[in-house]
Each structure stands twice: as structure tokens, then as C-alpha cells.
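Novice: Annotation comment: TrEMBL describes 1-30 as region 'Disordered'. Annotation comment: TrEMBL describes 130-151, 181-200, 212-231, 280-297, 304-324, 344-365, 377-394, 406-430 as transmembrane segment. Residues or ranges marked as domain 'Polycystin cation channel PKD1/PKD2' by TrEMBL: 309-437.
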Amino acid sequence: MNQTRRPTPCEPARQPSHQDRTPGQERNQAPAVTEAAFNLTMLHGYIERKKFQRAWRELDKCKLKVTARKESGEALDSDLLGELYGNHAEVLRESTLFKILREPAMKGLLEHEAMAEVLRLKWKHFGNKMYIQQCLLYLLLLLTLTLSVSMDLDNGPAPEFHGQLLLCLHGSVALGLDRKYWGLATIGVIAIVEVVLWLVSELIALHADGVWFIRLNNLLLSAVAAYFIWFEVKELYGEVNERAGKTNACSVALEALVDYFRSFVDKPASHYFESTFNKLQLPLFVALFVFGLCEVVSPSSGDAELYVSITLAFATWALSIQYLEVHETAGYLIPMMKHMLDDVFKFMAFYVPFLCAYTIAYYLLFQGRNEDAYNTLSHSFVTAFFVLVGEINADPFEKLPAPGPIVLGYTLLLTHATLVIVLLLNVLIAMMNATMATDMETAQLDAIGSFAECILRSEKTITLQRLPVAPPPPTNSRTDAMQRALMAADDESPPSDAEDEPEPVVSLKTLHQKLLAIEERASTLAAIEMRFTALKDENAQLQEMLRRLDAFLCPHDM
């Protein structure tokens with residue numbers, strides 16, 4: 001009885017049956033059935049429609065296709081995962097990795113073996129090199145910024161100029177090394193250069209001009225900031241508008257600016273502004289570029305420059321944590337810290353009303369009593385906030401007159417400490433524990449997602465990369481002639497039934513289904529055996545009843 005069977009997710013679409021084709025056709029087309037299983041267009045359609053299970057099954061077909069090609073002995077480094085890698089895409093927006101990262105619900109596809117291989121190849125071919133380059137340039141940015149904010153051009157060279165110059169020289173040596181020197185060679189090179197610099201440092205400091213050193217450092221700061229601005233613009237370009245390549249730069253810039261401000265109140269149209277780091281990086285790099293030029297053209301040393309320097313230095317050092325996203329541990333700790341920071345903001349929204357209430361109460365209680373900690377609203381606010389971290393000073397309450405003010409003061413202090421430390425702080429800890437428990441379940445996926453984002457950012461700056469073509473395996477003309485002779489002999493010989501059958505491509509899922517079928521048949525046989533045993537017991541009982549009935553009727557017949 002012939003019935004149409006639905007193919008499993010790892011099997012290709014149904015082809016004509018064995019009876020519909022000749023033996024020669026079946027033998028020649030068997031590998032083609034496996035190769036035609038994977039469809040990149042269907043995979044992208046499933047990703048855009050957020051059909052996770054179907055997209056996963058399509059990737060399973062790609063894995064089956066790769067397995068079949070490996071069994072056929074072909075050298076297909078460029079063809080194994082070339083379609084997933086992006087060899088058939090015209091622009092980066094059409095690559096599989098770009099489409100997966102655009103849909104947060106589809107990031108689970110990154111855990112598939114095929115996508116894991118794509119990430120490994122991209123990291124090997126260009127991601128690792130680009131990451132080290134950007135990391136070293138960011139370290140150079142931190143070095144120049146630290147030197148810039150610590151030196152004042154208006155007041156001449158500072159007494160610490162010698163140490164700052166040495167820091168620049170030693171740091172530049174480490175940043176200028178090529179990646180091939182890392183390892184034991186790096187230690188030797190750095191040690192030799194450091195010793196030489198230490199011996200000639202006094203001579204360098206005597207012949208170096210502090211004013212020009214500061215100006216050159218600020219110029220270098222602006223140059224490195226300009227590189228990162230270009231890097232961020234390349235990453236942003238094409239994110240806001242899918243047809244950005246066909247529009248002019250002004251409309252893209254205007255649309256990106258509107259989408260940037262929209263990201264603070266609503267979900268942005270571009271994937272770029274969904275990242276907290278991206279929201280801060282581009283304005284920060286622009287500010288660093290302007291700051292460096294201003295320090296060269298018109299340096300200042302007022303309070304405004306102090307505020308700007310502290311803000312830029314703090315933000316730049318804080319954002320350096322993003323370069324830990326490729327680390328196996330910090331890769332999932334960074335998203336976890338973001339979620340825990342959200343818990344802190346939620347807690348502050350609940351805590352601020354109580355903080356303001358106690359601030360005003362303390363200010364009114366100590367009004368006119370010359371207590372520095374409570375003589376103004378701002379001082380009272382800071383003192384009340386320190387209670388959250390256990391900083392409690394009871395001396396001002398001891399000076400209150402008895403009995404009313406001192407009782408009221410201690411009542412406020414005790415209720416404040418109990419409410420904030422015992423109740424609210426434990427609520428915050430419970431929220432963070434719940435967040436950590438939830439994030440640990442998806443920690444591996446978050447780490448893979450951070451790693452994939454790092455690779456995609458690098459690829460955006462250098463445009464779409466193709467998978468390098470592997471050289472074909474060396475061939476021997478004599479061996480090729482023998483193989484052609486054997487193939488000709490096979491074609492002339494009559495095909496047997498064993499040769500007509502195509503070699504089955506067995507996947508893990510197919511084996512799993514066969515095992516399930518065997519278990520189902522075994523359970524059916526066990527049920528039949530149990531039923532047979534029950535029937536035997538019933539038959540024995542009937543035989544016993546008939547024997548007793550015969551024994552009962554026999555005396556009466558006599």
C-alpha cells in the first residue's frame with residue numbers, strides 16, 4: 001500500500017520515486033537530491049517572518065548538504081557554508097548573519113552547528129585581526145585622552161611632564177607591535193625596548209618641548225577619535241534605511257539623527273541604536289574630536305574645561321568594557337550587568353520618594369541648629385542618601401533638646417534605617433537575584449550574540465567578505481585515466497539492484513526517529529504479551545470452573 005510520507009526536517013523535498021526513474025538516473029541524481037535540500041531564500045524568509053523552528057530545520061538541511069558533500073570527497077572550503085557565509089549576497093544587509101542579528105527572537109539560530117561554523121570562519125579570516133586593531137586603537141585613545149586631561153598648556157609644562165612622556169613612549173611601544181610578535185617574542189621585544197627607553201629617558205626629556213608634546217598629543221587624540229567616528233558611521237550606514245546605498249548622504253544623516261533621538265523614547269527603526277553602547281559612542285567620539293582640536297587651537301583651564309575633561313575621561317574608560325564581549329566569561333556578564341542596572345533604576349524610582357520625604361523631615365528638624373550635615377536641603381539629601389549604604393551618624397541627634405525633638409529625631413532615624421536598609425535594600429537584592437537567575441539560563445546565547453555582534457561590526461567597516469576558495473586537491477593524470485576507465489566499465493555493465501539503490505544519507509534525527517519507532521514496536525509487543533498472559537490466566541480459570549462443574553454433576557447422574 002503506497003502512501004505519501006512527509007519528509008523529516010533533515011530530509012530533502014520529495015523526489016520522484018524509485019519506480020519513476022531509471023537505475024542510471026537514480027544513481028547519477030542521488031547526490032543532487034541532497035545538494036538541492038538547502039534553500040537560502042527560504043531560510044531568509046523564515047528569519048524575517050520569525051519562524052524559528054522552520055529556520056532551524058532549514059539549517060539542518062544545510063548541515064545535511066555539507067555532510068553529503070564531505071562524503072563525496074569534494075574539496076569545498078568555499079562551498080561548504082558559502083551561502084550562509086554571504087558569498088551569494090551583493091551587500092552585507094543580505095547576509096544571513098545580518099538578518100539573524102536584526103531579529104532578537106531569531107538569535108537562537110546562532111547556536112546551530114552551521115552558524116557556529118560561519119562565526120568561526122569569519123573570526124578566523126578577518127574578525128580576530130579587526131578586533132585586535134580596534135582594541136589597540138582604543139587603548140591609544142585612552143592613553144592620549146589621559147595625557148591630554150592631565151596636562152595644562154596655559155600653565156606650561158607640569159612637573160609630571162617627565163612621567164607623562166615616559167608613559168606615552170612605553171605605551172606606544174606596546175601598541176605598535178604586530179600581532180605576530182605576541183607570545184614569547186613580545187616579552188623579549190618589550191623588555192629590550194623598555195630597558196633602552198629607561199636608559200635614554202633623561203636625554204629624551206631634556207630635548208623634548210613640553211608645549212609641542214601637549215599639542216601633538218591633542219592632535220593624535222583628534223585623529224584617533226576621527227577614526228572611531230568613521231568606524232561608527234560605517235556601522236550606522238545602511239541601518240536606518242534599507243535603501244541607504246541608493247540615497248544621498250544628507251537624507252541618511254537626517255534620518256539617523258531623528259532615529260537617534262527616537263531611540264530614547266521608543267524602539268528605533270535601526271538595529272544600531274538598540275545597543276546602549278552605540279547610543280553613547282558616536283556622541284562621545286565627536287566630543288573627543290572637538291575637545292582635542294580646541295585644546296590645540298584655543299586651550300583653556302577654567303571650570304568648564306575641568307567638567308568636560310572629567311566627563312569625557314570617565315565615559316571613555318567606562319565604555320572600554322565593551323571590548324570584553326569576546327571573552328568567554330565577560331561575554332555574558334556584560335548583558336547581565338545591563339539588566340541589573342535596569343533593576344537599580346527601577347529601585348531608585350521606588351526609593352526616591354522616601355528619600356525626599358526624609359530629606360525634608362531632617363531639614364525641618366535641624367533648621368536653625370547649625371548642623372553642617374542638615375543645614376541645607378542639599379546637605380540633608382546627601383546625608384539621608386548615605387543611610388542607604390549604612391553611613392549613620394547619631395551625634396547630631398544627641399544634641400537635640402529633650403524630650404520632644406530628640407524623640408522625634410530618633411524615631412525618624414530608626415524608621416529610616418529600618419525602611420531603607422532592612423526592607424528596600426533587600427528588595428533590590430531580591431530583584432538582582434531574580435535577574436541573575438533568569439539571565440544565567442540564556443547566558444550562553446547572550447555570549448554568542450555578543451561575539452556575533454563584534455564580528456558583524458568589523459565586517460561593516462570593510463564591507464561584505466567572501467569565503468576564500470580552497471585550492472582543489474592535487475590530481476594525478478594516471479589516476480584520473482584509471483578512474484574514467486572504471487566509470488566507463490560501470491556504465492557498460494548491467495546495473496544490479498544493489499547498485500540501483502542510492503546511498504542513504506542518515507542524520508541524527510532520522511536515527512532518533514527510527515529508535516522511537518523501535519521503542520514503540522517493543523512497547524506494542526510487550527502489550528500483546530501481557531494480553532496473551534491474561535488470556536491464558538482466564539483460560540485456566542475457565543478450565544477449573546468446568547472441572548468443578550463436572551465433579552458436581554457426576555454424583556447426581558449416578
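Sequential numbering from 1, following the chain as shown.
Cβ atoms here come from the backbone N, Cα and C positions, even for glycine.
Those TrEMBL annotations? Automatic predictions, nothing curated.
In the displayed structure, how are the listed features positioned relative to their neighbours?
Specialist: Beyond the ends of the transmembrane segment (212-231), by six or more residues, the same chain brings 134, 137-138, 140-141, 144-145, 147-148, 151, 153, 157, 161, 165, 168, 281-282, 285-286, 288-289, 291-293, 295-296, 461 to within a C-beta distance below 8 angstroms of the stretch.
Sequence-distant contacts of the transmembrane segment (304-324), counting only residues of its own chain at least 6 positions beyond either end whose CB sits under 8 Å from a CB of the stretch, comprise 131, 134-135, 138, 141-142, 145-146, 148-149, 277, 280-281, 284, 287-288, 291, 330-331, 334.
Confidence in the domain 'Polycystin cation channel PKD1/PKD2' (309-437), given as mean pLDDT, stands at 87.
Residues of the same chain lying 6 or more positions beyond the ends of the transmembrane segment (344-365) and with a Cβ under 8 Å from any Cβ of it are 374, 376-377, 380-381, 383-385, 387-388, 400, 405, 408-409, 412, 416, 419-420, 424, 427-428, 431.
Non-local neighbours of the transmembrane segment (377-394) in the same chain are 351, 355-356, 358-360, 362-363, 366, 413, 416-417, 420-421, 424-425; each lies 6+ residues outside the stretch with a CB under 8 Å from one of its CB atoms.
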Novice: Using a Cβ-Cβ cut-off of under 8 Å, list the residues of the same chain that are 6+ residues beyond the ends of the transmembrane segment (406-430) and lie near it.
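Specialist: For the transmembrane segment (406-430), the far contacts come to 343-344, 347, 350-351, 354, 358, 361-362, 365, 384, 387-388, 390, 392, 394, 396-398, 400.
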Novice: List the helix, strand and coil residue totals of the domain 'Polycystin cation channel PKD1/PKD2' (309-437) as derived from DSSP.
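Specialist: Counting residues by DSSP class gives 103 helix, 0 strand, 26 coil.
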